[in-house]
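Undergrad: After the structure tokens below, expect a handful of questions from me.
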Amino acid sequence: MDHKILLTPPKSLYTKCIITIIYVVSISHLNAHFITSCKQTPYPSVCDHHMSNSPLKTLDDQTDGFTFHDLVVSSTMDQAVQLHRLVSSLKQHHSLHKHATSALFDCLELYEDTIDQLNHSRRSYGQYSSPHDRQTSLSAAIANQDTCRNGFRDFKLTSSYSKYFPVQFHRNLTKSISNSLAVTKAAAEAEAVAEKYPSTGFTKFSKQRSSAGGGSHRRLLLFSDEKFPSWFPLSDRKLLEDSKTTAKADLVVAKDGSGHYTSIQQAVNAAAKLPRRNQRLVIYVKAGVYRENVVIKKSIKNVMVIGDGIDSTIVTGNRNVQDGTTTFRSATFAVSGNGFIAQGITFENTAGPEKHQAVALRSSSDFSVFYACSFKGYQDTLYLHSSRQFLRNCNIYGTVDFIFGDATAILQNCNIYARKPMSGQKNTITAQSRKEPDETTGFVIQSSTVATASETYLGRPWRSHSRTVFMKCNLGALVSPAGWLPWSGSFALSTLYYGEYGNTGAGASVSGRVKWPGYHVIKTVTEAEKFTVENFLDGNYWITATGVPVNDGL
């Protein structure tokens, strides 16, 4: 009897052994996801160079993944600040061509936004900074660098702009942002493991998220009935469903002088000066044609612009690349402030197909919503530049690459009209510009109708990891049997992700589609669900809060 007792370990010893095993396994799972050295990043030599010269460098063999993340992001932010300072000094040179000066001004604004995005991507930034938020910010920063270079491409200055632009510095910053994104993604995966294995003790930064009701992948935005991001107005609930919203407008714009202002930009400028304490500011724009170029800056958040309906309230302009404006600056309406909402407005660029790039609307607004709006143009009509965006019940008209950019965007229940292009042009609906595999970006066209005036392709890859999905759409007869068009030769055909799921209509047959490695006929619900509002856009909280109708599933 006594002998048997000695051979049988006490229950508490079993428990301790099991806990120890779980802890070791948990730590192993956690460490497998972290990036803790430059050699694990996409661009190790750039990482080594800037980390070794960083005043923040405190690396040693014991540096953990979270610390390494913070050091990489901080080093990258230092580079962005230095580059902004350098480019700011270059614009003073009187010998610069006016086109080069235009491109430099774009770069300055984009660097300023990049610094802000890098600041947002730090884990220490605010209690509402989730892993997905941080990846979104860094994806936007990558888009900014690409857009800076595009300004020089617009004017065919890429072969000579090294004379007046710090090209290598810019390239290194772009690579450093890519490194920051890779490290951030790895840290996010580690945080997910930490939630699964709380015994690791690495739950410091994930507790904030789960305490706000966002413990799963599909609820990363921290939205619940009680807790929203600090900039999100607490009163912003079902606002678009309120028939009295226009009567409650803070500012009214009317061409006939019956409102507070006669131009939209005047109202926007006034909005910037009003103390709001995170309240939604509503601008009601009465029916009329407003010939102006409107800019809503990054600092002007939570603005809602409501018109009297499509083709009743019209904002129109004609800036274009041919006449000396960069694609970025050509937008008739440009919005960068987060939380922007538009309803019942037509945004238009009338430059015409012969003027090439001419944007009707550009948006870099995170958590932006466009409801029952129309976007009219030809080449480059709708510039979904960066961040998270949702469009519902909208009409989009164009010819070449007329839905383009590097946002994470879903267009739901929209009508897409491909106009007749110029002679020698080919109609392409999308040109999504995801550049790095770790970016969260892509376009999803869901439950929409595609009508075409001539043969039209669903899209082509503007950048190497372009991602676009058409699902449950009605595709017109003139959609090309091949479906998709190459950009140039074999560029991106293996690294892009193009998908189709459950489409109908005369142009929906996939039997003649391209055979590229990156093209996918999505056959399972599991794969298709990756591209829903809930999973791809994390929109089941922030979109629902606005009152816009939304299908968060398939």
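Cβ coordinates come from backbone N, Cα and C, glycine included.
Annotations per Swiss-Prot:
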SIGNAL    1-32  signal peptide
REGION    29-183  region 'Pectinesterase inhibitor 6'
CARBOHYD  Asn119  N-linked glycosylation site
CARBOHYD  Asn172  N-linked glycosylation site
REGION    250-540  region 'Pectinesterase 6'
BINDING   Thr327, Gln357, Arg460, Trp462  substrate binding site
SITE      Gln379  site 'Transition state stabilizer'
DISULFID  Cys394-Cys414  disulfide bond
Undergrad: Between Cys414 (disulfide bond) and Gln379 (site 'Transition state stabilizer'), what C-alpha distance do you get in Å?
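TA: Spelling it out, the Cα of Cys414 (disulfide bond) and the Cα of Gln379 (site 'Transition state stabilizer') are 19 Å apart.
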Undergrad: So which recorded positions are near Gln379 (site 'Transition state stabilizer'), with CA atoms within 10 Å, out of Asn119, Asn172, Cys394, Arg460, Trp462?
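TA: Among Asn119, Asn172, Cys394, Arg460, Trp462, not one has a Cα sitting within 10 Å of that of Gln379 (site 'Transition state stabilizer').
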Undergrad: Would you kindly give the Cα-Cα distance separating Asn172 (N-linked glycosylation site) and Cys394 (disulfide bond), rounded to the nearest Å?
TA: 39
Undergrad: Say you check the Cα of Asn119 (N-linked glycosylation site) against those of the recorded positions Asn172, Thr327, Gln357, Trp462; which is nearest?
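TA: Nearest in space to Asn119 (N-linked glycosylation site), counting only the recorded positions, is Asn172.
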Undergrad: For Arg460 (substrate binding site), what residues in its own chain, 6 or more apart in sequence, show a Cβ-Cβ distance under 8 Å?
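TA: When sequence neighbours closer than 6 are ignored, Arg460 (substrate binding site) has Asp401, Thr428, Thr430, Ala431, Ser466, Trp484, Leu485, Pro486, Trp487 within Cβ distance under 8 Å.
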Undergrad: Near the Cβ of Thr327 (substrate binding site), how many other Cβ atoms are there if near means within 10 Å?
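TA: Around the Cβ of Thr327 (substrate binding site), 24 other Cβ atoms lie within 10 Å.
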Undergrad: Mean pLDDT for the region 'Pectinesterase 6' (250-540), rounded to an integer?
TA: 98
Undergrad: Do any residues at least six apart in sequence from Gln357 (substrate binding site), in the same chain, have a Cβ closer than 8 Å to its Cβ, and if so which, in order?
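TA: Within the chain, Gln357 (substrate binding site) has Cβ neighbours under 8 Å at Asp154, Asn320, Val321, Thr327, Ser330, Gln379, Asp380.
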